[in-house]
Amino acid sequence: YGEDPKVETNKFAAICTHLEVCFMYSDFHFIDERNESIIVESGDPNALLKHRFEIIEGRDRTMAWTVVNSICNTTGVEKPKFLPDLYDYKENRFIEIGVTRREVHIYYLEKANKIKSEKTHIHIFSFTGEEMATKADYILDEESRARIKTRLFTIRQEMASRGLWDSFRQSERGEETIEERFEINGTMRRLADQSLPPNFSSLENFRAYVDGFEPNGCIEGKLSQMSKEVNARIEPFLKTTPRPLRLPDGPPCSQRSKFLLMDALKLSIEDPSHEGEGIPLYDAIKCMKTFFGWKEPNIVKPHEKGINPNYLLAWKQVLAEIQDIENEEKIPKTKNMKKTGQLKWALGENMAPEKVDFEDCKDVSDLRQYNSDEPESRSLASWIQSEFNKACELTDSSWIELDEIGEDVAPIEHIASMRRNYFTAEVSHCRATEYIMKGVYINTALLNASCAAMDDFQLIPMISKCRTKEGRRKTNLYGFIIKGRSHLRNDTDVVNFVSMEFSLTDPRLEPHKWEKYCVLEIGDMLLRTAIGQVSRPMFLYVRTNGTSKIKMKWGMEMRRCLLQSLQQIESMIEAESSVKEKDMTKEFFESKSETWPIGESPKGVEEGSIGKVCRTLLAKSVFNSLYASPQLEGFSAESRRLLLIVQALGDNLEPGTFDLGGLYEAIEECLINDPWVLLNASWFNSFLTHALR
């Protein structure tokens with residue numbers, strides 16, 4: 001199927017081994033003139049002898065099916081759904097040969113399940129000398145089978161002595177069902193014949209043509225095979241060919257994450273041991289009580305489009321209702337806010353048009369979708385690079401325990417757990433890890449409340465937990481969320497929420513970043529600095545936002561980012577190890593001198609320690625989750641194609657392209673207004689500059 005043997009080495013080895021077993025199965029077996037099976041091992045066999053087995057495996061598919069068809073036509077044997085490996089002229093049946101690195105009976109069942117045919121005989125060999133065959137009929141004599149088993153054992157030892165066996169053994173997948181021949185009849189058959197490309201008379205013709213398509217031939221040849229209409233001139237791709245991506249103009253882009261990142265401020269309690277510890281509302285009230293600088297709130301940066309007094313009233317309402325809770329005998333576990341005018345407005349209550357069943361309105365003559373405006377273009381702003389840099393930094397707390405990146409299911413090999421521990425040590429204090437835990441907490445709490453209290457405006461504290469340098473537990477409060485009505489039937493149905501988050505960042509410094517927020521000043525905080533205590537205004541960033549079941553589900557699984565970046569690091573270690581022919585995990589993490597490429601900036605290729613690489617990869621993965629969007633999906637997929645072409649140029653592979661303009665268009669239509677996509681595009685331009693030097 002056009003796999004590259006240099007890349008898919010295990011698959012290549014499996015294909016070769018299987019082919020060799022098929023050949024050995026057939027070797028020396030003949031049928032004499034009395035139609036008896038005989039074994040002839042010496043030189044030139046008698047001309048009257050006929051080979052007992054027809055070898056089907058190893059031919060190209062068109063030829064193989066031709067052989068199968070002709071056997072079926074001459075013998076009347078039922079035509080198999082999948083290409084078998086051999087045909088036995090003595091027993092008049094097809095044979096499926098299996099060679100497995102797993103248990104023979106498991107593999108046998110998979111094979112039997114796949115081919116679902118009583119007629120085809122199955123014979124499985126393993127590398128450990130076990131075998132299994134249909135109805136325990138092993139067809140061949142002991143000696144022939146022993147030859148095959150010995151050969152397999154030799155291959156295994158040869159592989160093991162070169163350190164290749166473990167990888168080969170583990171790489172075996174279950175049966176793949178590529179070969180199935182669906183018999184298409186009736187209407188479907190007529191439709192299939194009608195929908196063929198021009199110049200094909202029947203489905204069979206077309207299939208034979210597709211099967212004969214050489215996957216690795218030259219592109220021009222392929223194109224000329226396709227159609228007279230395609231005239232793609234292959235243009236050589238040279239250092240001077242590519243141009244930088246065009247980033248959009250317009251006002252600077254604004255913050256669109258579901259919660260504040262570098263600008264967040266926490267109210268914290270250490271060693272929490274209060275009554276009801278671990279109940280979010282109790283924890284939140286305890287955190288609020290640690291701060292004494294509250295003052296009469298006022299608006300310092302209004303939201304352009306919103307009714308700003310409502311945001312102010314919403315915050316005052318939160319303070320008042322928290323006060324009410326404290327006056328009660330017993331603090332409740334959850335708090336539902338009164339449905340005031342300001343909250344109804346902020347949560348879009350009764351704003352959504354009523355949903356009507358399509359049946360009831362399909363006769364409306366001018367039925368149409370809402371007119372929606374094109375998104376407004378935005379330019380790249382410097383704040384998003386600062387956000388990314390911050391996410392790569394170390395904090396003074398640890399946000400995950402050692403076992404946060406799940407245990408392995410299999411008995412864990414020493415190397416894997418060693419890598420995981422090294423990696424965890426590098427990222428446990430990283431700010432991106434704080435964002436993961438914050439995201440998991442918020443999404444879990446919001447999804448929970450959305451299901452448990454559908455009609456209520458529930459108050460949800462934004463909380464995280466960590467450990468200080470001294471190992472003391474700490475509970476942090478970032479602010480609050482108030483959830484709107486949440487009758488979420490479909491994955492994409494939206495629940496609105498208002499977020500209110502503490503911060504020390506003055507919004508007037510980068511007003512464009514805070515376009516979607518109304519910012520209040522709500523207190524003064526005393527901070528210890530080198531010059532003693534200073535008082536700083538404390539701000540509250542308020543905005544309405546929304547999310548859906550599917551987004552919350554992904555948000556709850558943000559820990560996967562740890563796994564993704566760990567796997568990227570592992571592949572770097574694997575590359576090093578295969579060059580040095582020994583496991584390089586320890587050296588990789590403990591070498592203090594070596595620097596690694598981290599990314600591109602206008603200054604050139606940035607380098608850093610291995611820890612910095614881990615944290616940068618993690619931050620990228622986390623930002624892909626925090627700033628997930630269709631623009632990012634499109635940009636990642638399309639820009640990757642340009643990246644591969646540029647890399648091919650760097651590897652002196654003389655790449656050629658057609659319709660490069662179309663590729664640029666596909667990439668640039670994703671560059672609209674998303675801060676993370678714009679930043680990635682500007683990084684991509686830096687990469688282009690340096691790669692084409």
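Numbering starts at 1 and runs along the chain as displayed.
A Cβ is built for glycine as well, from the same backbone N, Cα and C atoms used for every other residue.
Per Swiss-Prot, the features are as follows:
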BINDING   H18, D85, E96, I97  Mn(2+) 1 binding site
BINDING   E57, D85  Mn(2+) 2 binding site
MOTIF     101-116  motif 'Nuclear localization signal 1 (NLS1)'
MOTIF     161-224  motif 'Nuclear localization signal 2 (NLS2)'
Residues of the motif 'Nuclear localization signal 1 (NLS1)' (101-116) by DSSP state, where helix covers H, G and I: 12 helix, 0 strand, 4 coil
Minimum Cα separation from E57 (Mn(2+) 2 binding site), reported as the residue among binding-site residues D85, E96, I97 that achieves it: D85
Close in space, distant in sequence - E96 (Mn(2+) 1 binding site), Cβ under 8 Å, 6 or more apart: F82, P84, D85, K111, I115, T120, H121, I122, H123
Residues flanking the Mn(2+) 1 site, with Cβ no more than 8 Å from the Cβ centroid of H18, D85, E96, I97 and excluding those residues themselves: V21, C22, E57, P84, L86, I95, G98, V99, H123
Residue among binding-site residues E57, D85 with least C-beta crowding, 10 angstrom cut-off: E57
Cβ-Cβ neighbours of H18 (Mn(2+) 1 binding site) (radius 10 Å): 18
Neighbourhood of I97 (Mn(2+) 1 binding site), C-beta criterion under 8 angstroms, separation at least six: H18, V21, C22, Y25, E57, D85, L86, H123, I124, F125
DSSP-derived structure type at H18 (Mn(2+) 1 binding site), helix or strand or else coil: helix
